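What follows is a set of notes on a single structure, which appears directly below.
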Amino acid sequence: MQIGIAYANRYSSWRLLYIWTSIPSIIFCILSYPFVTESPRWLLLRGHRHQAAHVLATLSSPFTLRRSKTCSHNNNNNNTNIPEEPTTTNIAAAPSSSVKQLLGRRWARQRLAVVTVLALGTGLQFFVLLLGVGNLHHLSLYLGVALNGLLDVPAYALTFLLIETRGRRPVLLASCLTSGLCSFAYVAVGGEVGVVKVVVELGALFCVCMAFNVLVIYTMELFPTSVRNTAAAVGRQAIMVGAVISPLLVAGGRRKGDLVSYGAAGVVVVLCGLGVVWLPETKGLAISDTLDEQESRENNGGGV
């Protein structure tokens, strides 16, 4: 939709273009706001027990709701009291405590480092390919962006199919390596823009989209609930670092050739993708709530 809006306003100023393309997002936010709820875990951590129960009730099936009411009634009979409002000290200590817990375990630090490297590599490759559409001089910029956007749907579908049949680690590794190889092929083809060059560029973007999708799911499963948000935030920041660096490579590619942009990004995503070998496979494993529970399961053979 945004591509169509941009094409219809291709002769307008950037200011008007930003305004017109932001309208669908504003409408979506307004329409989706009534259906968005606060995180029950966030409410429980801050002592808002009744609000958390209300959110869970709205998301539960009738059978689950009846069970939760029964459990709540039993807890009330047993005088199980949870403070409604937490202390200021607990609220202030929660974020720093999560960081300390994450960095205080060797295995957690190792996983966080690998996830950060993977996020940096996939973010750099993704945004180099996305911003590098303008380097395809003989291909319409609007058509190139539209083709790149259309890849998201099959990439999501294929991601969920493969991770359930092949696992997270092999799919992530294969996606990073294939994306890098397609970037190398793009550089090797050289010359004017042709069908082969467009295909390998779309192939590289398709594979890095898959790698990004797998990485998001993989990160959620690698860390227990108590530190999961912190780990995901670090990975997201690493992706943004790649996004910051990518315009420099794209600009260099326009001046000195595709080897500086596509070639360099391909090398980075391949090297970063190799870090997957230091991560455990999480397919079929239960998600832990705390770091101690995670270590206990690993020591008992429930996961690495």
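Residue positions begin at 1 at the first shown residue.
Each residue, glycine too, has its Cβ placed from N, Cα and C.
Copied from TrEMBL, the annotated features are:
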{"type": "DOMAIN", "residues": "1-283", "note": "domain 'Major facilitator superfamily (MFS) profile'"}
{"type": "TRANSMEM", "residues": "17-36", "note": "transmembrane segment"}
{"type": "TRANSMEM", "residues": "112-133", "note": "transmembrane segment"}
{"type": "TRANSMEM", "residues": "139-163", "note": "transmembrane segment"}
{"type": "TRANSMEM", "residues": "170-189", "note": "transmembrane segment"}
{"type": "TRANSMEM", "residues": "195-218", "note": "transmembrane segment"}
{"type": "TRANSMEM", "residues": "230-253", "note": "transmembrane segment"}
{"type": "TRANSMEM", "residues": "259-279", "note": "transmembrane segment"}
- Query: For the transmembrane segment (259-279), which stretch among 112-133, 195-218, 230-253 has the most Cβ pairs under 8 A?
  - Reply: 112-133
- Quickly jot the same-chain residues contacting the transmembrane segment (112-133) by Cβ under 8 Å, restricted to those at least six beyond its ends, or write none. 102-103, 139, 141, 144-145, 148, 172, 176, 179-180, 183, 201, 204-205, 208-209, 211-212, 215, 218-219, 222-223, 231, 234-236, 238-243, 245-247, 249-250, 253, 261-262, 265-266, 268-269, 271-273, 275-276, 278-279
- Message: Please report, as numbers and ranges, the same-chain residues at least 6 past the borders of the transmembrane segment (195-218) whose CB is under 8 Å from any CB of it.
- Response: 115, 118-119, 122-123, 125-126, 129-130, 132, 136, 139, 147-148, 151-152, 154-156, 158-159, 162-163, 168-169, 171-172, 175-176, 178-180, 182-183, 185-186, 189, 232, 235, 239, 262, 266, 269, 273, 279, 282
